[in-house]
Every structure is written in C-alpha cells, then in structure tokens.
Amino acid sequence: MTNSNLRTENHFDYVKISIASPQRIMDWGQRTLPNGQVVGEVTKPETINYRTLKPEMDGLFCEKIFGPSKDWECHCGKYKRVRHRGIVCERCGVEVTESRVRRHRMGYIKLAAPVSHVWYLKGIPSYVAILLDIPLRDVEQIVYFNCYVVLDPGDHKELKYKQLLTEDEWLEIEDEIYAEDSTIENEPFVGIGAEALKQLLEDLDLNQVAEELREEITNSKGQKRAKLIKRIRVIDNFIATNAKPEWMVLDAIPVIPPDLRPMVQLDGGRFATSDLNDLYRRVINRNNRLARLQEILAPEIIVRNEKRMLQEAVDALIDNGRRGRTVVGANNRALKSLSDIIEGKQGRFRQNLLGKRVDYSGRSVIVVGPKLKMHQCGLPKEMAIELFQPFVIHRLIRQNIVNNIKAAKKLIQKADDEVMQVLQEVIEGHPILLNRAPTLHRLGIQAFEPKLVGGRAIQLHPLVCPAFNADFDGDQMAVHVPLALEAQTEARMLMLASNNILSPATGEPIVTPSQDMVLGSYYLTALQPNYQKPEFGDNKTTFASLEDVIFAFEDKRLSLHEWIWVRFNGEVEDEDEMRSPQKTQLLEDSSRLEIWNLRRDRFDSDNNLISRFILTTVGRVVMNYTIIDSVSKT
C-alpha cells in the first residue's frame, strides 16, 4: 500500500452512502489480473467440488474471481510458496497471493433481465412509487408481470402515459391497432416488468419535474401539498447526490466475498453453509435459465414467468420475506438475507460495529451496596482478578513473588491470600468505569473506586441509580478498566460519581434518594401509635447522648419505634417554637426549666442553655446520628 493510499484510508472527512450505479457494481467485482485477463462474473451456481473439496471455477467460491483458498497456492497446485507472489497460473488462472483477499474481493452476477431493488420498491415510503407518482399497488402490478404500463400512447386516443392495462385489454388494443381499417400510424408502446419500470424512471427529467412541483406547491393546500412536498424532497435528494432514478432497477448484483458467507466442513463429513449461498444459487440458476430461454427464443409467456421468478429470487436475496412468500431452508427455517444480516439488534452495525466486545471489560448483575460510599462500587473478586490480571502479574514479578508470567498466572489461578493482597494494592486508587445500556446521556457511564466483594454481582450505591436509570430487578452493567494514566486521571477528575451531582441537561440534582431509600427513611422516622410516650426522668428511657441510644438499640434493649428522652444540645426545629412553653419551673440553683410538648430546656440565670432533652424515637436518632456523622467526616 502506498503512502498516498494510507493517507486516504486514515484521513477522511465523512462516509457517504448512496445508490450504486450498475457500472459501479461491475467495478466492485471486476478485476484485471496481472496477465490481462478480466475476471469477476459469477456464472455457475456450484460452490465446491464434492470429490476434491476445492472451489468450482466461475462458481460462488471461485478462486480465480475471489483469490486462492490457501495462502500462496493456486487452484491446481502448480505454484506454491510465497516466492511466486503475483504470478497468475497458466493452467488454472488463479493469482498466487494471500488467502485473506477472499474477505474483501467481490464478484458480480450480470442479470439477463433488469430487476427492481426491493428496498426502494417495498420500503416505507416507496421511493419508486413517490418518484413516478403512481400508487405502490400499481407499481407492484407492473414489476411482478400482472399488468402492462403504457410507455408511449402514440396516436391512440384512449391511452394515456403511465396507464395500466390488463392482458385482455392490451390484446383488444393490439387487435384494434393491427386491424385492416386502422387509422393509427404511430403505434402505442407498452412494457411490463422491471424493464418497463426502468424505462419510466429513465424518462424522468428530475430538474424539470422539480420546477413544475415547486410551482404547483404554491397553489396547493392540505393533503395534496404534503404529498407534493414529499415527492420534491425525494427528487431533491436524487439531484443533490447525482444519483439517477433508474439505478433503483438492477442490471447486475454484487456477490459478497466468500469468507463472509463461508462453507465449513463438519465432523461427519457434511457441510454447514451460510444461507446467502442458497439465495445466490437460486438467483444464478434462474438467471442462467432465463438467458438460455432468451437464446432459444422461447414463447413470451415462459420468458415472462422466468423473469418474475428471477425478480422474486433477487428480492429474497436482498430482503427475504419483505414481499411474497418467505424462502425457507431445512427445518422450515427462513433463510437469512443480506438485510437480516445488516439490520436489527443482532445485525452487523449494532452487534459488531457499534457494540464491539472490548478488552479489559466485564459484565454482571447489579445489587444494592448500602454500606458503600457514593464514589465506590463493589467489584467481585473473581471479576477483578481477571480485569486487573496484567497489573497483578507485573506487581507479583516486581515484588519477586514469582519469576515469570507463567508462574504468575498459575499463582493467580489459586487465588490465595498473597494474590488477593497484591490485587488490593493494584486496585487502590485505580478507578473503573461502570456503564449501563442504553447510555442515553453522559451520566450513563461513570467512574467509581472499586472495593473487592464476595459473590458474583457488582454492588452499586443506591443514590447513583437515577443517573443510570438502574434498579435492582436484574439489571446488568458493564465494567471497563481505563489503562492509560491520562484515562485514569480523566475518570477520577471528570467522571467520578461524587462529582456528578447535577444533571447536565437541567442543572437539577440527579442524585436523589428513591425507592428503597425513601421507604427506608420513612420506616426509620415513622411514629407508631401503639407505643406509649414515657415520662421525663424515667431511667430506662432517658439517655445522655445520641451514642448511648445507638448502643442500647444495637444491644437490643430498645426497638426502632420506641419513644425515648435523649439529651441533645444542637438546634431543634419545633412546631411549638412560635408559642410559649407549657410550663416554666424555677429550680433551687436559680436555673429555669421550660417544659414544652416534646422537649425540656434548662437555662441558667443568664439565660444560657444548660441542657436540652428531646422526646423522639430510636429510628429518628439513628437517622440524625448517621447524617451528623457523615457530614462531620466530609
């Protein structure tokens, strides 16, 4: 590959998909060999020879067209080894090169009659129907040989351009034209099938039609205007891309490289093959039969039937089941066409190009991790040892625990305490990325500090769930390990979950408690009517600090919803604040005791607060203590 080729491959502005012209389709498959021979046309439906198990010449796996099936070896075996590179064998005509060319070299099938492309005919919307301004039902009648279409009305007064005629109607008109007393000089001309469709599309002058439509749009309203706009959009797209409407009718169809539709020998001697080979074989068989019928000047009705069958075979190859009966193989299973391979979730784009499997990644079910901090996630040890294996191996060798990679891998398989200790050191400060599909906004992938956990599930902090739109009913998440230092820094600085509190779309908090957290908070702070409020000063239910309450609760001396008196010198929001206390007592030491509904405040002579006891539940103490403890640590 030259430097200029390298440049064009690696530096481009955009990729454009447009309709291919018949010549371009031929150019894809046609090649001139070093000896000047032009190859590329697939003319035989055979795949491989059942005796020699070698590809048949001019067939769907032909080595002359697609390249050798073995590296640096021609079909007949005359030339072997790399020293014969570029030579074309005089005996079999195969170029001596690498077998991997069979992954990108294409062929083509030259059709004996034009066929319509099913995507443009039966797609939604039907571009053929829109361009010709003919209902889709009528276009189908023409393409599948049910009706004639008038291509040139001639001198006939009753015929109009693009008018549909049944077989009987056309026979009557023919009798009228060829009658002895006929006055028609310019005979009308009709067509049927994809050839007629191609003629109609060739007759379109896009620029002129576009001008006429623009004039018509200014004077029209409602549904008619919408229809005209839809038509002009299609025409403008054709003009802008320099595509011709008649290219929607195929004169040749490309044959994709054989290694993308392989034929594999199974253990029992049988062969497994791609469905595409069966679909291509149907097309070639029908195409060859049609060519033979045309050569021997077979009756028109037989030729027409063969053309219709060729159209149906090409339809099945491009999009099986889009129109007519679905072509099935063994076990009554529908054959996978080119469209089936490309489209959908399991198609080439979404499965293989957009959704590639990447190294240093894993996937598992998520469960709630209530003891985690917001920037942490629980990573199963089994997954961590696999993801961080190169780092662990490096550290094991550096610490002289093992001498080589093989010994390190053996030690890792045992997963003993020594390995786990090294793994713990490796993941310390090494952020990982968690992604939940579908990633609809940038918070769908965030960074976390991993914490080693048992089991096989990833533990996630419940507060980050709204950002991922995740819940714990079986959702799965992917783990990715940033390798480069720049990637790790970026993950820590920009993507860490604790740095993404606000939604980038609205600016509102996206870290909000929901579901379990809300229910838990409610249950923790709920007041149960069946619990009696204790008298102030009761030793069993009066505590000197929040810590004492927590200890008593953990010791199972208190239940969660039990009323208690607890000393608390912090600020208290009380509904009674605007009113005066229920009762005020002057004590012997000149201090003053204010008795409120849910608290007792004691002040000295200078009105300074000495102590405050509040009446609350154990659950509310747990809630407050947890929040105060968390805030004080940050």
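Any Cβ shown, glycine's included, is placed from N, Cα and C.
Just so it is clear, the model here is predicted, and its values are computed rather than measured.
Taken verbatim from Swiss-Prot:
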type: BINDING; residues: C74, C76, C89, C92; note: Zn(2+) binding site
type: BINDING; residues: D471, D473, D475; note: Mg(2+) binding site
Could you check which of the binding-site residues (C74, C76, C89, C92) sits closest to D475 (Mg(2+) binding site), going Cα to Cα?
C74
Taking the centroid of the Cβ atoms of D471, D473, D475 as the Mg(2+) site, which other residues of that chain lie with their Cβ within 8 Å of it, listed in sequence order?
I366, A470, F472, G474
Can you list the residues of the same chain, besides C74, C76, C89, C92, whose Cβ falls within 8 Å of the Zn(2+) site's Cβ centroid?
H75, G77, K78, Y79, E90, R91, G93, V94
Within 10 Å of the Cβ of C92 (Zn(2+) binding site), how many other Cβ atoms can be counted across all chains shown?
17
Taking only the binding-site residues C74, C76, C89, C92, which one has a CA atom nearest to the CA atom of D473 (Mg(2+) binding site)?
C74
Give the sequence-ordered list of residues that share a chain with D471 (Mg(2+) binding site), lie 6 or more positions from it, and have CB atoms under 8 Å from its CB.
C465, Q515
Given a 10 Å Cβ-Cβ cut-off, pick out the one of the binding-site residues C74, C89 that has the most other Cβ atoms nearby.
C74
What is the Cβ neighbour count of C76 (Zn(2+) binding site) at a 10 Å cut-off, with all protein chains included?
14
Let me know the most crowded of the binding-site residues, choosing from D473, D475 and counting other Cβ atoms within 10 Å.
D475
